[in-house]
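As recorded in Swiss-Prot, the features of this protein are as follows:
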- 111, 112, 113, 114, 115, 116, 117: ATP binding site (BINDING)
């Protein structure tokens with residue numbers, strides 16, 4: 001690491017990129033970067049830190065920069081191309097992160113779903129007990145001087161996580177996703193196998209996931225879950241409108257009762273994983289208990305507020321399993337209210353590949369509203385539409401647009417759960433303005 005260079009992020013508003021930029025800034029390095037001019041929720045933290053954000057332009061590239069390129073951008077991007085032509089050091093995000101974690105007790109959180117929530121929970125618990133640096137996929141990052149732990153989100157997309165060799169890994173689940181890259185579930189499984197082989201001290205894996213049960217690695221694997229065969233077992237689970245409580249057993253030893261102000265079974269599982277890895281690092285159980293009780297969640301994961309007589313929940317869910325978990329959490333907290341699912345399908349390839357799963361998960365809501373499919377930078381069009389998904393829903397689904405939300409605004413004293421990984425917040429803003 002070089003204090004003389006300026007670390008320049010191409011795509012600085014990306015969720016992982018903004019987190020990494022904040023870590024380097026906290027550690028006293030010079031940081032700036034470029035991105036689209038449209039506002040994204042990650043830039044709030046960058047602006048608060050005084051980090052310069054520029055529009056994309058090859059004129060930004062100059063001598064003295066070390067370029068960190070976001071994974072969404074190809075080598076043909078004008079800034080990356082110019083940096084290479086000038087002979088500047090250029091790293092991909094995952095390559096640089098792999099270098100950064102050396103010298104800490106590193107804990108990577110991997111899984112098709114639940115990465116960000118679990119990384120956020122683990123970061124919260126450890127950082128209030130011991131010096132901890134962390135990188136969360138919601139745009140939050142912190143670089144702590146003399147940190148003992150480095151907690152980070154390990155993304156399976158395009159096998160980026162194989163750049164990492166952490167001490168520990170939490171693996172929340174393995175599911176088929178990213179159909180623009182992975183061929184099938186077996187392809188995803190092979191990526192997790194490859195990552196698992198690089199973990200040094202221990203893997204903490206969800207025991208109900210058959211793919212994780214079949215991991216074949218030399219590193220010890222400790223399973224967590226709610227069954228007797230799990231090494232770390234959550235028992236006596238109680239779910240109320242205030243949160244969840246449970247006891248954790250490690251084999252025959254009770255680690256005591258824990259309470260979380262969180263909803264949905266997935267949060268009990270995520271918490272059990274956090275307790276397990278912390279226990280192995282000999283973190284005091286009473287301190288873990290205290291910090292779990294104080295966790296308020298991460299950005300865009302079941303973020304809620306009131307608008308008139310409506311409860312609005314904003315969530316990043318964009319896969320059938322995530323939608324199911326989010327709606328389950330909404331039912332736990334609001335058992336007596338109607339649940340309205342407002343979903344923006346993310347990419348044509350994912351919508352087509354997981355169509356039946358989306359229909360099954362969305363049907364857990366009382367009413368479903370769909371926006372048009374959000375296209376990514378890599379994929380502008382496809383042969384499927386939101387109307388195809390609406391037709392698969394047992395009770396149908398209504399298509400809403402930014403110009404016409406009348407079908408949604410007709411509801412009152414209910415819970416509107418907005419879900420998606422694209423620009424669903426644009427719809428939320430319009431809805432909110434109309435409901436005020």
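From the backbone N, Cα and C atoms, a Cβ is placed for every residue, glycine too.
Under DSSP, residue 117 (ATP binding site) is assigned to a helix (H, G or I) in the three-state scheme. Residue 116 (ATP binding site) is surrounded by 23 other CB atoms, counting those within 10 A of its CB over all protein chains shown.
When the neighbouring Cβ atoms lying within 10 Å are counted for each of the binding-site residues (112, 117), the highest count belongs to 117.
Those same-chain residues not listed among 111, 112, 113, 114, 115, 116, 117 yet with C-beta within 8 angstroms of the centroid of the ATP site C-beta atoms are 109, 118, 172, 173, 322. Other Cβ atoms within 10 Å of the Cβ of residue 113 (ATP binding site) number 22 in total over all chains.
Put plainly, the binding-site residues 111, 114 were compared by Cβ crowding within 10 Å, and the winner is 111. Applying an 8 A CB threshold to same-chain residues 6+ apart, the list for residue 115 (ATP binding site) reads 109, 137, 153, 154, 155, 172.
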